[in-house]
Amino acid sequence: MNHLSNLLKEQYMNLHLIWKLSIYNIKSEYSNHYLGLFWNILQPLMQAAIYYMIFGLGLRGATAPDAEIPFIIYLISGLFPWLFISQAINIGSNAIYAQLGLVTKMRFPSSVLLSISYTNSLINLIFMTVIIGLVSVVNQYVNPLYFLSLAYFVIASFALIFAITLVMSTLIILVRDFRNVLQNFIRMGFFLTPIFWQADERGGLLQIVSDLNPFAYLVQNYRNAMIYGDGIIYGDGADHLYFWSITMFILILGSYLHMKFRYRLIDYL
């Protein structure tokens, strides 16, 4: 637990740096593009359009899991948080490897790179959340006060994503094969998370997988805040206990691995 508390303290002590570098990264990413930051909105919308044509008009025949919610709204309320989660995990897991020279030369706190990656992805999600929020308000899906529960989504997603990237950012440097493992893990997570399907309507094995999938917990909390409003926080006591137990286990494991190898990672290049 000492390792974990030290890492969390590093994040707190470097909040200004995390925010400053996150804004810089977003601006520099599209600095040479004519559309600039508009790509933060356009790119997810294009992906949503593709998935809608495949799963909405194609496989599903434009039918929604919930008759009261159009399928396109159901889709983007699950797809946008998933894109945020997958992007944050992918970039965060490779952040230390990509910036290892900077970390070793400047004694830069390497764990901060994971928070910077998370913040970058979160800012991108904010753009899309505004769009879903406007659609939700116009169609009166939920009381806008439910949007406040997104604060819980941010806290829970940071805890899980930071935990996973702590583990993977170390393993990727120690064993390169874990980079391929990560890509397949994310790809599998997309189909096992109720983004375009609903766990209740499938039942059986998919219901069990959804219950055991911490990403499903995050996506459902986001979707609940934006279009359903079934309680302040999605899930019951067992769901919360399971999610936070898994998250704390990965956090403790990740903090141990990170602190054990953080000053020796250059030796594995």
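For all residues, glycine too, the Cβ spot is worked out from N, Cα and C.
Annotations in TrEMBL come from automatic prediction, not curation.
According to TrEMBL, the protein carries these features:
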type     : residues : note
DOMAIN   : 35-261   : domain 'ABC transmembrane type-2'
TRANSMEM : 37-59    : transmembrane segment
TRANSMEM : 71-91    : transmembrane segment
TRANSMEM : 112-138  : transmembrane segment
TRANSMEM : 150-174  : transmembrane segment
TRANSMEM : 181-199  : transmembrane segment
TRANSMEM : 241-259  : transmembrane segment
Among 37-59, 71-91, 150-174, 241-259, the stretch with the most Cβ pairs under 8 Å to the transmembrane segment (112-138) is 71-91
Other parts of the chain folded back onto the transmembrane segment (37-59), taken as Cβ under 8 Å at six or more residues beyond its ends:
26-27, 30, 71-72, 75-76, 79-80, 83, 123-124, 127-128, 131, 196
Would you kindly list the residues that approach the transmembrane segment (181-199) from elsewhere in its chain, counting only those six or more residues past its ends and only Cβ-Cβ distances under 8 Å?
51, 55-56, 60, 65-66, 74-75, 78-79, 82, 86, 89-90, 93, 168, 172, 206-207, 209-211, 213, 215-216, 219-220
If one takes Cβ-Cβ under 8 Å and requires six or more residues beyond its ends, the residues near the transmembrane segment (241-259) are 1, 3-4, 6-7, 110-111, 156, 159-160, 162-167, 169-171, 211-212, 214, 217, 235
